[in-house]
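Here is what TrEMBL records for this protein:
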BINDING   19, 43, 297  substrate binding site
ACT_SITE  55  active site, proton donor
SITE      95  site 'Important for catalysis'
BINDING   138, 169  NAD(+) binding site
């Protein structure tokens, strides 16, 4: 009999119900879940959506479990936490190793105890109250964030070159949308390998190739490259969309991009942050750059509570409005505190949480 350990960490609810993903991964442990819950508090505050931070997970290897085993695991986990989560308390979402189906099981199990409550989780299948545009939301948010950053520097996506590490949900959507806006994606990598083409890769063709073969290699429209060279590829904008800690003191000095857009969670470690800042590389921090996902999760929750669903154009237009407004708020912080984007972003988030805490009379 195998037993699994599950977690749900609730960090702060001064600004609203707690919000954060549930991940199924062998390395799920309390310290990591704690750190991620705290980051969600600052991320939702920066995006100016009415949530606090939470995170959860089960230490398991989902690829080694059958569909019915995953279902049983999810339902038992939900039975254990159903009185800790809720529409106005804590609203989970998918994360690494979980997806819309996982959310459907949580919704169903929760509803056995509390009645049908679609707003208790986000990232659901469309048929159960999921939002249009949620699938592309994080990648689309990365693009809107990048557009806001480039506009500040008098540039636009059109004609600039992009290198994208990670070609999963976030990386593939970001690549597709940069490509559609006239950006040149010159290098892409994922777990299977890496390809480059200095004249720009045809992203639609690459997506079809990956769909058909399951890998990036052997794509006729680009040359194979060493995955490790992607981060130091000649480009205007580097977009790490994969794992944390990929930019470090070993490789940061060799980065040739002028902008780094952190689509992954903490891809730049503190040493790299310092090295890149000294070189004049502009870093758009993760808690803003990848907030498109949680922002559209908020839209999904709002639609469920209203019992009225939006069309996809409205979802995308609202996402653009939120991402653009957040960037201008961050810039305002940077100007008044004379600091870089990361410090400005955290200052904005922490300030908002502190103000809400004081207003509610919770001061220590």
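Here the Cβ of each residue, glycine as well, is placed from N, Cα and C on the backbone.
Overlay of TrEMBL feature records on the structure.
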| residue | record | Cβ neighbours (10 Å) |
| --- | --- | --- |
| 19 | substrate binding site | 28 |
| 43 | substrate binding site | 27 |
| 55 | active site, proton donor | 28 |
| 95 | site 'Important for catalysis' | 22 |
| 138 | NAD(+) binding site | 24 |
| 169 | NAD(+) binding site | 17 |
| 297 | substrate binding site | 28 |
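The recorded positions shown are 19, 43, 55, 95, 297; of these, the one with its CA atom nearest the CA of residue 169 (NAD(+) binding site) is 95. In sequence order, the recorded positions near residue 19 (substrate binding site) (Cα within 10 Å of its Cα) are 55, drawn from 55, 95, 138. The Cα atom of the residue listed as 'active site, proton donor' lies nearest to that of 95, taking the recorded positions 43, 95, 138, 297 as the candidates. Compute the center of the Cβ atoms of 19, 43, 297, which mark the site for substrate; besides them, the chain residues with Cβ within 8 Å of that center are 20, 40, 44, 47, 49, 51, 53, 93, 291, 293, 294, 295, 298. The distance from the Cα of residue 297 (substrate binding site) to the Cα of residue 138 (NAD(+) binding site) comes to 10 Å.
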